[in-house]
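Positions annotated as UDP-alpha-D-glucose binding site by TrEMBL: Lys4. Annotation comment: TrEMBL describes Lys5, Asp29 as Mn(2+) binding site. Taken from TrEMBL, the feature transmembrane segment applies to 310-330, 342-360, 380-400, 430-450, 462-481, 493-513.
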Amino acid sequence: QHHKKAGAMNALVRVSAVLTNAPFMLNLDCDHYINNSKAVREAMCFLMDPQTGKKVCYVQFPQRFDGIDRHDRYANRNTVFFDINMKGLDGLQGPVYVGTGCVFRRQALYGYEPPKRPKRPKMVSCDCCPCFGSRKKQEKYKTGAEGDANANLPGYEDDQELLMSQMNFEKKFGQSAIFVTSTLMVDGGVPPSSSPAALLKEAIHVISCGYEDKTEWGTELGWIYGSITEDILTGFKMHCRGWRSIYCMPKRPAFKGSAPINLSDRLNQVLRWALGSVEIFFSRHSPLWYGYKGGKLKFLERFAYVNTTVYPFTSLPLLAYCILPAICLLTGKFIMPTISTFASLFYLALFLSIFATGILELKWSGVSIEEWWRNEQFWVIGGVSAHLFAVIQGLLKILAGIDTNFTVTSKTVDDEDEFSELYTFKWTTLLIPPTTILIINIVGVVAGISDAINNGYQSWGPLFGKLFFAFWVIIHLYPFLKGLMGRQNRTPTIVIIWSVLLASIFSLLWVRIDPFVIKAKGPDTKKCGINC
């Protein structure tokens, strides 16, 4: 219970430092296995590179999974993220840390900054040309040297800094002389004079939870505490110190793991990720305001980290966009401007630019259209369910201190099929918002077509535009509908009841408010009667 995965990883970092102190570490989740025996060697090619290796904090591999259905109904492979976004970040300051499949440099986890490049030697000048220096600077330098006899001794300032840092070592790393000594050994290894019994005793000491009290573990060192997505925070802190990371994509996947193929489990996984992003957004480590000192985090890299924390909030406009088509069909109004207006041309240019960007990304990354479309579908499904709940739960936790947990009640299904879990229904409140949106849009389609049939042919033209947007929402939610039906094509009763109830309440409220209708002002019939 000590900070979950982050606390366990920090304990393992200290124990391994005392026992073996290898300069590099491989981090894998418990459900992952090594699929490529040469993967670690490929990581070493980056970390031990004589030109840039010293500034690399970790080498991140893409996540690949076993046991996913052929069509990847719920976008478990995350192909767009791992094959497009992460490759793009590799051209900036490096990919984000995703929690597994990563080889770390131990020194980077200790809060150290990357080594600086040696400065170019200053040109010696005879002072005969003003372009190569001035006498005033030399005289000032000479005066400073006379004031402090030790100032020009080689390494004097470094010794002073080392002395001050040694005084803070115990406050930073904890009360263990053996462990503190290991942090200074850049190339790893343990002192030859250490006995195995002494090292084992020290390992038991540093693995305890109380060892971290009044130290910087979890705040500046190791895996960072304060969010259920500790991986994003840990990588972000390293990039803020000036380190860069590398994305390594060997042809044979380096590591493979398992992913939840069930709809409810997948939504709860996305909820946990989104909730962690919301926590980071409201914390002191938010990329919006943290890490500006020193200017070591590149602007575009910061922009990418901001994106990883604000994406759950896109659920609010996404929810509005998914409901508006049904409102247009139910009220007979249309929200889109006519094609002759400047606004339509602006929207058309915007959509074409997004479309062109998507085509270029697909061609550059090699991601198939089917994989890209599955990712788009689940972005909508997760946006109106898990991301929305994450924003609500995060705000409740930050503002009111209410910690709400959305748990899944599992129902076992006896089936020998390999993908039987894909069709298993597990109740969760995350299923209600997408089902409600589906019902509202289907009701809107029926109402719009019925109204067009009653009003004649002249009403069919405007109807097609409204139907397009409604069907666009329904098509995006189609994998969710299939998962809701299960193998028996039967939706659970409780989901139908809640969704119909919410859809009815929303429709009645909208009819009562009716914001599209202009309220006519006239005389008060109560005063003048029927003859007014």
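Backbone N, Cα and C atoms are what each Cβ position is placed from, and that goes for glycine too.
Automated prediction, rather than curation, is the source of TrEMBL annotations.
Structure with TrEMBL features highlighted.
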residue : record                           : contacts (Cβ under 8 Å, 6+ apart)
Lys4    : UDP-alpha-D-glucose binding site : Ile228, Glu230
Lys5    : Mn(2+) binding site              : Gly99, Trp223, Glu230
Asp29   : Mn(2+) binding site              : Gly99, Thr100, Gly257
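Annotation: stretch 310-330 has the most Cβ pairs under 8 Å to the transmembrane segment (380-400), among 310-330, 430-450, 462-481.
Cβ atoms under 8 Å from those of the transmembrane segment (462-481) belong to residues 73-74, 263, 321-322, 324-326, 328-329, 334, 336, 374, 376-378, 380-381, 434-435, 437-438, 441-442, 444-445, 448-449, 451-452 of the same chain, restricted to positions at least 6 beyond its ends. Residues 274-275, 277-278, 281, 380, 383-384, 387-388, 390-391, 394, 433, 437, 440-441, 443-445, 447-448, 466-467, 469-470, 472-473, 506-507, 510 of the same chain lie 6+ residues outside the transmembrane segment (310-330) yet bring a C-beta within less than 8 angstroms of a C-beta in it.
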